[in-house]
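One structure is given below, encoded as structure tokens.
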Amino acid sequence: RRPGAAARMEEEEDEDSGGRRAAGSPAASARFVRCLYAVGFLDLFGVSMVVPLMNLHIKSLGASHTVAGIIGSLYGVMQLFSSTFVGCWSDIVGRRYSLLACILLSALGYFLLGTSTTVFLFAISRVPVGIFKHTLSISKALLSDLVLERDRPLVMGRFNAASSVGFILGPVVGGYLAEFEGGFYQTSFICASIFLLNGGLVWMLPWSEENTGNREHYKDKGTSSFSAKSNHDLHLKSATSRAVTDSSFFQSPWIQVATMLKKIKGIACSNLWDIFLVRFLMSVAILLYYSNFTLALEERFGVKPLFSGYLMSYSSALGVLAGCLLGPITRLYGHNTYRLLLHSSTFTCVLILLYASALSIWMVILSSTFLAFSTTIGRTCIIDLELTVGGNEASGTLLGVGQSVTSVGRIIAPLLSGIAQEFSPCGPPSLAVGLALVAIGIMNTNKQKYRSHGNAKLKNQ
């Protein structure tokens with residue numbers, strides 16, 4: 001039994017927080033997580049309504065292909081530099097304020113897009129979205145705060161599946177609305193309204209759950225190899241960190257910037273370089289696979305672009321199914337994220353090689369079918385490995401850095417693809433196989449690190 005004073009302190013804390021024990025129940029946690037699934041679905045549903053129509057709209061405003069490409073590149077550059085800072089900011093001010101700010105400012109960007117009657121206004125509308133459209137990353141960081149470490153791949157997989165469903169349905173609705181007069185403007189306003197709806201949903205979430213969710217990380221003995229005392233210390237550290245976070249939103253912006261830079265320095269000086277390098281190499285490999293997919297199928301097998309579109313939609317639907325199956329797969333692997341990542345990356349490499357050497361369209365369909373599973377599993381596992389090795393104390397920063405790494409891949413992949421296509425239509429996937437092999441080699445070289453330091457934290461700064 002606990003001492004009487006400690007018990008009274010816990011009772012007072014529960015009274016002050018408005019019944020946190022009720023919020024911290026498994027049922028409340030499940031409701032919170034399901035609400036975040038809805039947030040992810042609505043986010044990509046709204047975005048995917050507008051994005052396929054943007055090139056047509058900017059050209060209708062009189063922009064050249066070059067100007068349209070420059071504006072698209074600027075958006076990517078803003079995402080590259082802002083993702084790390086916004087993710088770190090969410091660690092400092094808390095998930096609630098940062099997620100709400102990102103959703104509302106993104107809604108402002110899409111509202112401005114709905115009023116863009118000139119190329120200049122179109123470019124201005126992309127600024128708030130380019131800087132603050134990191135709602136999915138913050139949602140993933142919040143999920144990482146709430147769930148057990150061994151359940152993280154399952155929850156992340158379901159979140160990705162819910163988001164992917166939105167990404168599949170959005171273009172259909174957007175394409176239908178575009179048929180009407182002024183359809184792009186209507187679609188943009190609807191997208192902004194969906195983001196406002198998302199903001200209302202986030203505001204109504206039981207946020208006391210965020211403050212108590214981490215307690216559950218250390219109650220399960222199988223979650224960590226630390227001793228009971230270490231778990232208790234980690235719980236106290238987490239509780240103290242979150243208490244500071246709740247008041248950090250009202251601190252001076254300069255203090256917030258200094259704290260952000262300190263956290264980013266901690267990531268830069270940590271031993272996570274190999275994980276981020278693996279993420280970069282596998283991201284570029286997958287981007288190379290899809291870079292000239294439609295053109296290569298037409299040149300190699302004479303199939304029409306419509307068939308390629310159907311094949312990519314088919315792969316996206318299988319990716320949703322893969323996200324739902326992550327739970328049984330991780331249990332099959334005994335929650336060994338590293339081994340699952342290694343096997344999925346190896347499988348991805350083999351499938352890309354099969355596509356590059358395919359002699360018939362049926363081999364392409366076969367590779368696309370299984371590639372949807374391996375890439376979905378790999379993306380979830382690399383995020384889980386980042387959070388496991390880096391620790392939950394800086395989950396927003398870690399996810400932001402990972403997003404920046406992927407953004408660099410998106411910038412480099414088209415250049416590499418263009419060079420490789422000069423030699424052969426199979427050049428990009430062949431180069432992708434080489435990059436994937438390098439990533440697999442890095443994972444094999446550092447396998448002892450993950451086996452012996454699966455719960456290692458960032459170096460103290």
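Note that the numbers count up from 1, one per residue, in the order the chain is shown.
Placed from the backbone N, Cα and C atoms, the Cβ positions cover glycine too.
Per TrEMBL, these features apply:
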REGION    1-24  region 'Disordered'
DOMAIN    32-453  domain 'Major facilitator superfamily (MFS) profile'
TRANSMEM  35-54  transmembrane segment
TRANSMEM  66-87  transmembrane segment
TRANSMEM  99-124  transmembrane segment
TRANSMEM  184-205  transmembrane segment
TRANSMEM  272-291  transmembrane segment
TRANSMEM  311-334  transmembrane segment
TRANSMEM  346-373  transmembrane segment
Quiz item: Cβ under 8 Å to the transmembrane segment (184-205), counting only same-chain residues 6 or more beyond its ends: which ones?
Solution: 32, 35-36, 38-39, 42-43, 45-47, 49-50, 53, 56-57, 96, 99-100, 103-104, 106-108, 110-111, 113-115, 135, 174, 177-178
Practice problem: Report the listed stretch (35-54, 66-87, 311-334) having the maximum count of Cβ pairs within less than 8 Å of the transmembrane segment (346-373). | Solution: 311-334
Quiz item: Can you tell me the mean pLDDT for the domain 'Major facilitator superfamily (MFS) profile' (32-453)?
Solution: 81
Quiz item: Looking only at residues six or more beyond either end of the transmembrane segment (311-334), which have a C-beta under 8 A from one in the stretch?
Solution: 150, 153-154, 156-161, 164-165, 167-168, 290, 293, 297, 340, 364-365, 368-369, 371-373, 375-377, 380
